[in-house]
C-alpha cells in the first residue's frame, strides 16, 4: 500500500519546497459542479493566506509567470485525518510549462501508475528511489479509481535553501462512450485545475475568470483531442466542432450548464442525505446551507417535511451535537427551526468557552516592549473539542484537558498538560489508518486530528509537565513505562505506550534531547515549555523564536490560530520500529484493563459483583489486579442508566412527618376501587375509600359510576361529616392521577374549599400506599366474608362496609390504639354486632294474607349507618331492609368443633353474647312501630310491593313482645346458608311476584276486599274455609310450587274436587266444588292478578289447536310448540259459564267493545267489568323525567281515542323520510388541525399514517403516473377525504374515503348491490350455536374493500400529505365510499369462500355461507364463524390468511363466559348454558351525547309510554330554521332508538315506529314523547335479551311466529300490526309497522298481520333447515279466534270483499302447503301485544320480563 511505503521514507520531504499547483481539495462526495473557476479562485486566496503565515522560499522559476495563476508558494491545507500528507504529483513543472505542451503529442511517455490515483504525487525524497510506472495514456472512464477526486496538498514548510521537486499531473481517462461525456468532462476539468489552468475554466455564467492565452488554447485543444476521440463525442459536441473545431471553451461551458441543470436536484438530495456537522463551521452557515437546499427542493416540487428534514440533519450531527439525536428523536412535532435553535445554543456555548481561554503570551502592555525571553510556568486551560460527553456531565461544550503525569513512587509530583484529547475513538478497520502509520501499530484508541492543528508542527504548551507525541518515528531509546501515570485536567487516565528521548537539531547546528512520552490518544503533539526550560531553552513570544539564555536563536515559532507551534523539521528521526513500541506498551504484565471495558464485557454488571467474582476465580484468564478500578466508584454507564432505570425508593417511615405536622382529620388519603362486573345495576360497581393520616380512621362510600358529579357528591358528604362531627377542616387530600380526581370540576371544588390536592407522581403507586393497602385489605375481607357466608356477589359492598366497621375498632400494633380511640369515639359494642351472613328471621308486619306466615328468612349484613337497626338481606324478596325486628337462628346440632361453617353462627355463645342487647330491645319493643325502613340505595327490585314484611315470628298474634327471646328458641333450622344459585346478575326486571308460600287454596270474600284486603289468585278459588287453619299451622318459610296440571278437566260444565297437597303432609285433601253462580260472582268481583306458576302448568288449557284438512297435529306437537315459549305466567282459571249479560256481548268486530289490549275474550271481559278496582300499578301515572319542557301531558298514549279525528295538517305521516344516523366521525381539521387535545391528536396522526401506509401497501392507486386535472373528464373524478373516529374498543381509526354521495351515475353499475348479512340470519345462527354448543369465532379483515379491483376508470385527488392538489391519480382498488365498492368486495370474498374454502351461500340469504362443518355470517369486513369443532374454524382462518390480512378478534375457545362485540351487539356467551345480548356500554356512551337531559338520580321509568292520550293535530307554528333544527333532532333521536330496537329491544318497536312517522311533525308533544322514550332507554340500558339453551330431550327445531294487530289506532284509521319470531323458545326478531291498507275490522287487521308473518316465517324455516339438518316444526300463534276460524273454514262465500277473501284464501294455502300449525293464544299471554299498542306498566312488564331483562 501507498501509506505503508510512505511511512518508511525519510522525513526530509518536510523541508522540500513545492510549487503550489493545487487550488482546492476535492472530496469524493463533492458536488460535481464545484469545479468552476470562481470557486477555485476563492480557494486559491485561502491557500495564499495560509501560506503567508509560514516561513517559505519562492519556488522554482520554471513556472510560467502569469498574474492570474496562484501564488507559487507552498500551499497549506488542513489534513483530513492524522498528520500532514506529502504532496503527490504526476507531472513535473517543466511538463506543465506551456512551452512544453507539445509533449502531449506523445502520450505514451507520460508516467502513470494505476494505483497511484492521487491528482498530485511527491516522491518521498531525493534519497529514495522513484518507482517505475508502466506506460499508459489513461484509464478508461468506466474504470473507477480508488481515490478519484481527492487532492492532497503539502503541509510542511520549505526552507529557503532547498529546491522544489518535480511535479507530475495525472492525465484524464479516455472517453469510451458518448453517454459518458459529461462524466468525462468532470475529470478533464480536474485535470485542467491540477495543471494550474483553473482560471480558464468557464464559470456558471459561461465566462472564464481570465482570458486564455494562445499557448493555453493549444494545450487545451491537444489534450481534448487526445483523450476525447471524435467517434465517442455526442452529437451536440460534434455540431459545435463542425462550426469551429477549436472552440473547446464553448464545449466546456455547455457541459457545465448541462451538468448543473441535470444534477442540481440530485445533488441537493445527496447533499441533504450526507450532511455532516460537528461545530467546526459556524452554525449560521450550516443553517443557511441546509435551508437553501430545502427551499430549492421545495421550489422544484420536491417537498421535504419537517420530520424528514430533522431526521436527515440529526443523522449528520457528530461530536457534542450528537446527543440531539437522542433528546429529540421522539418529538413528532419538531420543526427544523427548533432543531437549529438547539444547534445554535451548543455552538454559542462552545464559542464562549473558546473565547474565555487565557492567552499563552503576556499582555503587550505588561511587556512594555521587553524583548527578553522568559519561561512560562503557568497552567492555563486551553479549550479543545470534546467529541464525547464527559462523565460528570457538567457541560455539553468541550472543556480544557490538562494532563498530569506521575510516577508510582511517593516522590512523584503531578503537573498538567493542556490540549489533550478527552476520549479515545476506536477505529473500525484498517482503512481508518492514517498515512504514515503501519497496520501493525496500535490503533484501538486513535483519535481524529483537530481541524485547527498545524500539520508538521509541535504545539507549545506552558501548562504541560511532560512532552507527548503521537508518532513513534521521532522517539529515541524507547522503553516501557510501568511507573508512569498520565492524567488530563479531568483526572482521567491517558494510556502511555512508551517513554523515550526527543532529539532536536536546531539552526545553530546544536543537538538537544528531552524526555518524551508516546501515546496515540491526544489531539496534538505537545511540547512542554517546562522541559525546554530544563535544558536552558526558552520561548520568546515577542520575537516568536526559541532561544537559549545567551540569546542564540534556535528555531522560529509560528502562530497558527490561537496557539504557537514549532516545526518538526528540527526533530531527528529515530531508527526504532513501530512494532517495538507496540510490544512495549501492550505488555500484559504492565497494562491494566479499563473498568468501563470490563463492565461492558461482563453484561454491565456492577463493580462489586465483578470484583467479588474475580477474587473467587469464577472468571478466569485475568485477575482483579489486571483491572483499573480507579474509575469504578464514580463511573456512570449511560446504557445502564437507561436500561436499568427504576422508580425511586420509598423510605420506610418517611411519612411520619405528616403525622406530626397535621392534626386529626386534616390530611386524608383517598382512592377508588372498581369496577366489579356482572352485577345488577342496583348494586354499586365501585367504592371510594378515605383514610385519615393521623388517626387512620376509614370511610367507604358506594359508587355506581366514576363520573365527576358522583365523586363530587362523595367529597361534599365527607367534608361536611368531618366538619360537623369532628369540628375539623380538611387541609390536604392525597390521591392518584386518575381522571376522576384530576378533572376540572373537582379541582375547582377543592380550590373553593381551600383544600390542597396532593397527587402522586406518574406510575408511582407506592407513594399512595395508605389508600392502596386499605383497598387491598378491604377486598381480602370482602372475598373471605362472601366465601364464608355463601351470599351472592351483588352484596359485596355490604361485606366491605362490615369490614370497615370492624377495622376501625381494631387496635394498631404501632399506636396501640384503634382508629375510633384516636378519633375520640367509644369502642365498638360487640353485643350489637352479628357475624356477616348470620341467618335471621325478619318479621313481616304486612303479609299478603292474615293467615300467611309472618317470618321471612334473611341474612344479617352489617349495622345500619342511619339507624339503630341492622341491614338484613331477604333472598325471597331480593331486597335488603333496615330493621330491628329480627330473631337470630340458633341450633345446637352444629358445634364449632365440627367445622360446619354453615352452623358456626348457631352456637349458644352467640346468644349469650347478644343477650343484653336483645333484652334491651325486648323491653322497648312494645312502643316501637311495625314499619320497616327499606334501604333505597341497594334496593334490588323497587317494583315489588313493600307491604310484605312483618314482625318477628310468634306462635300466636297475642303473644306479648316480652317473650321474644323465649319464643325464638323454638325456631330451629339446621344448616341454613344463603342460596348460591341466586343470580348475581339479577336486576329490577328479573323480579316476578314471589313464589307461592303454600299449596293450600284461599277464599277471600268481597267484604275483605272492600276493606283493603288483597285477593290471592295464585291458588284455586274453590278451596274451603276449613283448610286455612291447617295451612297456617303446617306452613314453613319455604314451600314448593303448586302445580295445577290436573286441576281441571276439559269439560267446561262438570268439575270434580281439586286435589290439594299440603306442605309437609302425606294425605291429599280435596276441595268441594262450589256452585256455578258463586263462581261467576267471585270471578266478576275479583281484581286481575298475576301468577308466577310456570307456563308448563297452565298454558295448555288455553290453547286451541287448529287442524286443517291437510295437517292433523298431534297433542305432543301442540304442547311442544307452546312449552318453551317465554310467555307470561297466569293463574289457571276454572271453566265457567258466562252470565246472560256476557252472552249478549256484541259481535267480535264491533267497535263498541274493542279493548286496548286487542280482541274480545274472557280476560277482556273481566278487565272491563272490574276496571274500577284496578290496583295502583295499573294507573296511568308515572314519574316525570326532569326536563323543563315536559308538561302534565307528557305521559301519554300513542293511541288516540276513537272519537278524535287523527289527521295531521302536514304530509309527514304519509311519506316519512329516511332516518339520519348520528355522525360519529370527524373531519381532518376536527381531528388534527384544530384538535386541542394533544394526546388524541397524536393518536389520530398515528392512525393517519397507518392508513396511508395501508393504502400504499394495497396499491390502491397507480403510483407510476399522475394526471393533470384538465385532461380528465370531470365525471370520472371523485373527491376524497379523510374521516376519523374512535371505535368502541377505544382505538383511533382513520379512513381515506371517496365522496360517493356526489359520484356521477355513469361511473358505476346501479344494478350491483352491496350485500351484508341480514340481522335475522345472524340471530338465527347465534340461536343455533347456543343450542348445539357451537364455537363462535369473530374475525376482521383489514381494509377489506381494497382487496377488490375496480373495473371503471375513476380518478381521485391524492391525499393531502402528497401535496399535489392539481394532480389526479387513477384508482385500481375499490376505495371506501364508492358506490360499487361494497358490491365489488362482496363478489371478491364470495368467490374466494366458494372456491378456496369449499363454502356455499345459502339460497335466499346473502352473506350466509356454510359447508358441512362451518357456518359463516359476513358483514362487510366482519366474519362470524360457527362450528362444532374449533379446528374447523381454524382451518378456515388459515385459508383466509393466505389471501387477506385477517385478524382474530375472538377465537372463542374458552369454556367460560366469553364476551363479544358483534355488529354493535354486546354478547355474553357460555357454551351449553346461555347467551345474553345487550348494548349497555354503547348506550352509556351515546345517549348522553344526544343533548337530552337525562335524569340519572330520579325514579326510573317502568314503561316507555302510557295509554290514554293522543297526539294533537294542531298545526305547527314555528319558523323555518327552528323547524329544521327540530327535525334534525328527531332524526338523531329516532335514528339511535331505531338502531337499538331492531337489534334486540323489540319491546320498543311500537313506540319507535309511531314516533318515526312523526319525524316531520316535531311538535312539543312529539318531542316530549321522544324524550320519554330516550329516558326509558337510559333507565333500562342494562337490559339484555336472554337466551337459554334448548332442552336436549327435544330433537326438533321449533320456529314460531306470534302475531297481533291493533285495529284502527293509527292516523287515517290505519291499523298497527306486529309479529315476534322465536326459534326454540328464543326471541330472534320482531316487527312493528303500520298496515299498508285500511282495515275495516279487527279480524281483517289480524288477518293482515298473520299474512305479513307467514312469508318471513317460511324464509326463516328454510334458513334453519340449511344450517341445521334437524326436523323443524313451524307454528303461528294469534289471539284472534275469528282469524283462526277463517283459516280453518272451507266456506268461500262469506267474505266481505275481494281483497279480504284473497288474503284469507292465501292464508289457507300457505298454512296447508307449508305444514304450518296455527294455535290460539290468550291476549294476556300474547307477547306481540307490545308491538301494536301502548300498555300499562304492569302489563308491559308481564309480557316482556321473561325474554328481556
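Glycine too: its Cβ is placed from the backbone N, Cα and C atoms.
Binding site for Mg(2+) 3 per Swiss-Prot: 1604, 1679, plus 1646 from the candidate set 1572, 1644, 1646. Site annotation for Mg(2+) 2 in Swiss-Prot covers 1421, 1422, and the matching candidate from 1331, 1340, 1349 is 1340.
Per-class residue totals from DSSP over the region 'Integrase-type zinc finger-like' (583-640), listed helix then strand then coil: 25 helix, 4 strand, 29 coil.
Look at residue 1604 (Mg(2+) 3 binding site): DSSP puts it in a strand.
Secondary structure at residue 671 (Mg(2+) 1 binding site), as computed by DSSP, is strand. Nearest neighbour of residue 1679 (Mg(2+) 3 binding site) by Cα distance, taken over the recorded positions 461, 671, 736: 671.
Cα-Cα distance from residue 461 (active site, for protease activity) to residue 736 (Mg(2+) 1 binding site): 60 Å (rounded to the nearest whole number). Averaged over the region 'RNA-binding' (299-401), the predicted model has a pLDDT of 58. Each residue contributes its Cα atom, and for residue 671 (Mg(2+) 1 binding site) and residue 1604 (Mg(2+) 3 binding site) those atoms are 54 Å apart. Within 10 Å of the C-beta of residue 1679 (Mg(2+) 3 binding site) there are 27 other C-beta atoms, taking all protein chains into account. Scoring each of the recorded positions (461, 671, 736) by how many neighbouring Cβ atoms lie within 10 Å, the top position goes to 461.
Most Cβ neighbours within 10 Å among the binding-site residues 1604, 1646: this distinction goes to 1604. Each residue contributes its Cα atom, and for residue 736 (Mg(2+) 1 binding site) and residue 1604 (Mg(2+) 3 binding site) those atoms are 57 Å apart.
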